[in-house]
Amino acid sequence: MVLKAFFPTCCASADSGLLVGRWVPEQSIAVVLAVVHFPFIPIQVKQLLAQVQQVSRVGVTVLGTWCHRQQEPEEDLGHFLEGLGAIFSHEPWLQLCREKGSKFWSCKATRRQVPAISGSPSEDQVMLIFYDQRKVLLSWLHPPAVLPDRQAGDATASAGGLAAVFGTVARSEVLFCSDQFDEGPVRLSHWQSEGVETSILVELAKRASGPVCLLLASLLSLVSAARICRLWKLWPLPFIGSKLSTFEQLRHRLEHLTLVFSTQKAQNPTQLMRKANILVSVLLDVALGLLLLSWLHSNNRIGKLADALIPVADHVAEELQHLLQWLMGAPAGLKMNRALDQVLGRFFLYHIHLWISYIHLMSPFIERILWHVGLSACLGLTVALSILSDIIALLTFHIYCFYVYGARLYCLKIYGLSSLWRLFRGKKWNVLRQRVDSCSYDLDQLFIGTLLFTILVFLLPTTALYYLVFTLLRLLVVTVQGLIHLLVDLINSLPLYSLGLRLCRPYRLASGVKFRVLEHEAGRPLRLLMQVRPPFAPHCYSGIPSQHALSGSRKARVSRCGSWILSCHLGVRYGQQSPAELRDRLHRGSPQDLWEP
């Protein structure tokens, strides 16, 4: 049988002593955790191992002996170490020796309870595997679900063995809390034996995080209780809240803060990574918001923006008036229905007049509104961007009205033409069976239907042109809002903590391990070096799911959007849905989904 002995590289230069670790009989693995040095009292070593086993739930025991002949005299050390097997009985008994003047080690694993034919204890073949104890301890390669002593039956032997190694090192952290400066009865060598790796700032932050999280969790619970109050359910508050991007972002940020400052401890590394990513994202969001706030309130930039807003609105209104006057003539040489063209043009010109009056009526309050909007940046850059998106929606409300009117007219024309086309061919739509059936019509019905069909056909180009122009304007506004929402989603979903770990400490996000064969000599045990492999796949960084998950290819989304424009489904009910709901339905559903409330 081949025994795989995992030996920490930090103990390669340690003094002679006892090998302390865990034996995994299912995979024939011996995981060495530390080396106990002389002098020691056996009963104190056993008490220490019992305490570690009680805290970590890991079967830590004495696996064998370690002999470093470069530092110890060769007198009777070997015989003395062999005699320790009678005090600390373990099967198999591992004997590792680093010979003087040679880079090759001698490894033996003897079993006293299973004697060979000659009567001497039998020996197993040993494969020595070196590992970096610090990286294995700090890496999040395996979740706790695969860390129990007995692995699941469907796991492979190699995966189960690696899970046992990583789980043993991870759960034996209490064994690494002592260093050479501790005056304990037992002296150990491990990855922190030269000094416990810690920071005063980190320790102070850990001690202060408990009360701070408790206080913030209480405040957030009060905010959540106020949010679900019945007062907020009175009409039209739910309707307004579902349409404004600011309320959506505030609700999203409240959920993030509730998760981060929860007093419940993270159950697994994935949840801990998610909390860390959210916390870093919130801190970055607030920092960017404060930078924006300082920029807006310096050099009176808010006043300059307020003074420039009215001229820009007048310029946009003037351009829209020129566009409508161009449509009321002969646009691109097209022959339009003059009566319908004049009615639609004057109707939309009147709406532009109303919009300009609305803007000039609000002009005395614009600077104060922008000042309060700038103050909202202290809540984060995403909140300020969401407010900017809502302001753009309010300032372009006339374009939205133009689009809805044109879409309604175009939709009625299309539905009327399709119904009259079926009547013209002697067909009808069967509502019960959802199909087209044959039907016999009277001569009067055919005459009136044919007449109406002809009228609608000749009026269709005028309506279609207005619908096309206003659809392009509406798509321009939606594109600007979409870019703003993409930036908000990027800030909310960017896993900065994971990316920082990937750059500074890639072993923390290990995607696996790799083994490198060290120099080998005939008759010597095989030596391998286990190295933690950093992640390269994008899924290794996933910590925060995007606020609006996107699905499907880009070409499919573009073609789907184009077909909905032609079928007059896009945005007809846009005013009844929030931007988040519309984006989700655009990316996942069918045109009929836009008609659902």
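Including glycine, each Cβ sits where the backbone N, Cα and C put it.
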TrEMBL annotation of transmembrane segment - which of the ranges 373-396, 397-420 it falls on: 373-396
Stretch carrying transmembrane segment according to TrEMBL (options 1-19, 343-361): 343-361
Range annotated as transmembrane segment - as stated in TrEMBL, picked from 200-224, 475-499: 475-499
Intrachain neighbours beyond the transmembrane segment (373-396), with Cβ under 8 angstroms and 6 or more residues off its ends: 244-246, 248-250, 253, 282, 285-286, 288-290, 292-293, 296-297, 302, 313, 359, 477, 480-481, 484-485, 487-488, 491-492, 579
